[in-house]
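TrEMBL annotations:
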- 176-227: domain 'LRRCT' (DOMAIN)
- 1-18: signal peptide (SIGNAL)
- 270-291: transmembrane segment (TRANSMEM)
Amino acid sequence: MKVTGITILFWPLSMVLLSDKIQSSKREVQCNFTEKNYSLIPADIKKDVTILDLSYNQITLNSTDTRVLQTYFLLTELYLIENNVTVLHNNSFDNLSSLKILNICRNSIYIIQQGAFLGLNKLKQLHLCQNKIEQLNADIFVPLRDLKLLNLQGNLISYLDVPPLFHLELITLYGNLWNCSCSLFNLQNWLNTSNVTLENENITMCSYPNSLKSYNIKTVPPKAECHSKLPSPVSEDLYSPFQPISNSTFNSSLNNLTRNSERVPLGKSWAFLIGVVVTVLTTSLLIFIAIKCPIWYNILLSYNHHRLEEHEAETYEDGFTGNPSSLSQIPETNSEETTVIFEQLHSFVVDDDGFIEDKYIDIHELREEN
């Protein structure tokens, strides 16, 4: 009797749940457009579609695709597997408030803008596997308040800040380039203290440093200095935790810096500077020579005189005075011409001192010789 009463009491409730399930199954509208070689999302799909599969096409999810996609506001599942998506722009899924599953695996996504997932308040599963994502800002997950599954497998991620996903139950991180230095400490602590399950934990391995490659990211032993509360760096190369510097550390660092500076070759700027200096000096020297060369040439010509030897002077005089009869042998020469010639000849006769008068001959030098 009691069983019959309880059945009668819960019968209306069971009927309501059954009717909701039937209605929901009736409202489910699936559209499969896989392998159609589409480059754009088709705009002629039924507006009441709830499950849309556009996998294995050439869709880039540009602004045109975004406008078309927002007209299908009843979507609960969207599959864009293996397309040509490279960037997830802001508000790409803004009007899809009923979407629960979004799968964009096997694309070439390398940038996810800050507001890419705005409007996805009911999203349960986000699949971003096998893309080219290197860094993820944890704030992009803020709109995903009900997210339970996050798949980041097979990307290029080396560091991930703790995502603010309070309802997350499963996360997939294997196949990335994890840096298991101090930058991983916050993520490791979150994985070990929260209720999130790390899928394929045993193969989610460290990629560097080499000494930690045999560990997975959840069990890698953290260094002692990593326990201090420091801001999470983006990478070990960009930031490192502060440590007090001792004298020995400072000296060794200084020696290493000196050795490195000795090994570093001179840059091309030094060679360029030396070339400019040499060119300027050479040009200046050529200009100076060009200006001074005529002066030096005139000076050399001015001092191109020399003293005549005594026998040369006598021979020179005898050539004109020793044979006066030669003048008489010149035919048809009048007396005036003879006089002029005679004066010209005797103008070359040396003085009694035996020297030719020359204004360039130093008088003091002559006196010293006498």
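The chain as shown is numbered from 1 upward.
Just so you know, glycine gets a Cβ as well, placed from its N, Cα and C.
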The domain 'LRRCT' (176-227), counted residue by residue under DSSP: helix, strand, coil: 22 helix, 10 strand, 20 coil
Stretch-averaged pLDDT - the domain 'LRRCT' (176-227): 88
